[in-house]
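Colleague: One structure is given below, represented as structure tokens, and several questions about it will come after.
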Amino acid sequence: MTDTAENQTPNDRQAGHPRSIRSFVLRQSHMTAAQQRAIDTLWDSFGIDYQATPADLDARFGSSRPKILEIGFGMGMASAEIARRLPETDFLAIDVHGPGVGNLLKLINENHLENIRVMRHDAVEVVKNMLQDGSLDGIHIFFPDPWHKKRHHKRRLIQAPFIAKLLPKLKTGGYIHLATDWEEYAQQMLEVLSSFDSLQNTAADYAPTPDYRPETKFEARGKRLGHGVWDLVFKRIG
């Protein structure tokens, strides 16, 4: 779900950083009139513009409920459903894919969801500059681009340097939940998360899919192709 498009906010295109890890892929895509209308009319209520200074998430949401960061949400269907299932939890959903941003805003409005805020920016920069240490109760990264060719593995999001940046943002007792339909990437994810002494696997290796996570289009696609799906849930213990 982090296999996304143009890195721009609704008001301003952001510069790329090709030599660093990014949470997205630059691709052209078509935005429907309904998606654009959702951005135009709902962004002020549910969108958060990027800033290079720490943000007060409780103030942005208007609540002190637990906060979950979601990196990459595709077209937003799973994000909206998770928020519907967990109304007492706030979700900060980040993606750069314009149609997906518009579609998630549309779903937020249609389902009367008050516990999601949306950002359209590189999640790596958001994590680095906007999120305060200890501000998150959980992190969801579902079906990031597997970059299946070996020469492209260095572009994968789930690498030790990025996890090291995420960990300080997570409260002790908070969790990281990853999911992929690419077995070799699942093995890499397991190795990366297991390498951190401050993270504890909640399962022997791969976890049962938690009840809150619905089947995504990426998961359905993988099953059609005969792929398995692997969930990993690690808890911060220190």
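Every residue gets a Cβ built from N, Cα and C, even glycine.
Reproduced below are the annotations present in Swiss-Prot:
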ACT_SITE  Asp145  active site
BINDING   Glu70, Asp95, Asp122, Asp145  S-adenosyl-L-methionine binding site
BINDING   Lys149, Asp181, Thr216, Lys217, Phe218, Glu219  substrate binding site
COMPBIAS  1-12  compositional bias 'Polar residues'
REGION    1-20  region 'Disordered'
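Provide an account of the burial state, proximal residues and distances for the features listed.
Modeller: Residue density at Asp95 (S-adenosyl-L-methionine binding site): 30 other Cβ atoms are found within 10 A of its Cβ, drawing on all protein chains shown.
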Colleague: Give the number of CB atoms, excluding that of Lys217 (substrate binding site) itself, located within 10 Å of its CB.
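Modeller: Result for Lys217 (substrate binding site): 13 neighbouring Cβ atoms inside 10 Å.
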Colleague: Secondary structure at Glu70 (S-adenosyl-L-methionine binding site) (DSSP, helix/strand/coil)?
Modeller: strand
